Structure formats: C-alpha cells, structure tokens
C-alpha cells in the first residue's frame, strides 16, 4: 500500500479518513448520499436536457443555468464517489490522484463562483434594462462570459496545485477529510507550506469576495429598481426570479468563505466536513429543486418534454 523511500520517506499515497469517528453511521450515510448523488446527477442532467430541447429556453438566463448544472454534476462527481467508498472500506488515493482531485474540484468550484456572478449580472441587465437587454447580452457575449468563467477557474487553481506539487509529504499519510481539500492536505507536508498557504489565501480573498461583491451590487440595484415598480404581479415576479439564485449563492459563498478565508472560525474538523458537505452535496441538489419546482418556464418545458415522450412511446 504505502511506499517509502529510504532517504526522504516520501509518501506515495494518502488515506481519506472521511467520517471515521462515527463508524456506526457509515452504512446509513452510504445509502443517503448515494440517493442524494443520484438525484443531483439526474436533476441537473434533466435541466440540461430541458434547456437544450426547449426553444423557449434558448435565452441567456437558461444558457447560464445549463452551464451551472453541468458544473455541479462534474464537481460533485469528483468528490462524492470517493466519499462513498470511504463509507465501505479504506479510501486510499495516490499523491498524484489527490492533487488531481483537488485541482479538478477547486477549478470547477472557482468557475462556479464566476458563473454565479455572471448570472447575477444577467438578471441585473434583464430587470434594470429590459429594452436594451437583447443587445447587452447577445449570444457572443454570453458565450464569452461562460468561457471566461470556466477558464478562469482552471487557471487560478492550476497555480495553487503547482505550488502544492512542490511540497514534500513524508508521513503521516492520513487526510482527515472525505476528499483532498487544501488545509487537511497542507498540514501533512514536511516542507514549508507557507508560500502555498499565503498564495491560496490571497487568491481566495480575491476570487471569492470580488464575484460575491458583484453579486451583492447587482442585487442591490435590482432591489432598488423593483421597489420603483408599483406593488403587484410585476414586483412579485422580479423577486421570485432572483430569490432562487440568491438561495444558491448564500449557501455556496457562505461555506466557502468560512473554510478558505476564515478557517480559524471552524473549531473542529468535523464541523469543517459538515460545511464542506454544504457546497459539495447540498448546493448542487438545490439547483434542480429550485429551478424546476419554483420556475414556471422550466416546469412548463419539462411537462411538454414528458408529454412528447409519452406520445412517442404510445405511438
């Protein structure tokens, strides 16, 4: 299992401890999180299929929503399968595999930070500048914003992984987490991790607070604009459109900021794992629930799609 060089005692693999301190709940957790993971994949995949198949949903808002669903399928799939393995047996992962998992997950999570800001900006333009909105949010601009969000995530976390790859791990090799996160991994390093820690902190401050600030600014302006509208259906519709996005944003950014900008606020590793579950499992399942059950356009498109499938089956 674990190989060690005679001179440097270099660790070849890590063991993810997961929720090792509550083994009596492992089987229950395995069942619950397997069901939740299946719902995340199916729900978000359904959103992507509905958006692609419905001509009425070929708008910037739903283009961004489909990309958000794809992001959440991918980064959940990066973490959850290994967590499920840990409920049944010892979850070992190579050093390279660990860094790769952190890189993919971190890149996708960072990309989601940018994409959520883009979605807030899109709602701001749609509500505050409805007549100019088609020109301001054209197809090329939408595509450019999405590409920028995806590429920025991989560029930012690529720098962090390069710094982490220069660290030396000589034991112990047990990571007190259910996936290869930054802090639980760095504390195992035998070499000085301060450069990686300072760089990660600085990047976290910039790439969490700046998009979050843009989101707050966008919604503050939306609220001001909506309050000018006479009370009635128009005001309720505008607030309803934005409330689902705010629910996802508050959970996602809140947990990330606590864990990466103010980790000292979390006084136990178990609490840190619970916070991590919020953005790895809870937030991704919010997406299909909120946008399918609370959004009439998606709901109607889903009904039309199911009716078409029933007709094709009966025919």
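Just so it is clear, glycine is given a Cβ too, placed from its N, Cα and C backbone atoms.
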- [ ] Name the residue range among 3-26, 27-50 that TrEMBL annotates as transmembrane segment.
- [x] 27-50
- [ ] Establish whether the number of Cβ pairs under 8 Å between the transmembrane segment (62-80) and the transmembrane segment (274-293) reaches at least three, counting only pairs separated by 6 or more residues.
- [x] yes
Open item on the list: Give the nonlocal contacts of the transmembrane segment (27-50) in its own chain as ranges (CB under 8 Å, at least six residues past its ends).
Closed with: 19, 57, 65-66, 69-70, 72-73, 76-77, 80-81, 83-84, 87-88, 281, 284-285, 287-289, 291-292, 298, 301-302, 305
- [ ] Please give the sequence-distant neighbours of the transmembrane segment (274-293): residues at least 6 beyond its ends with Cβ less than 8 Å from one of its Cβ atoms.
- [x] 33, 36-37, 39-40, 42-44, 46-47, 65, 68-69, 72-73, 75-76, 79-80, 109, 177-179, 181, 244, 247-248, 251-252, 254-256, 258-259, 266, 299, 302
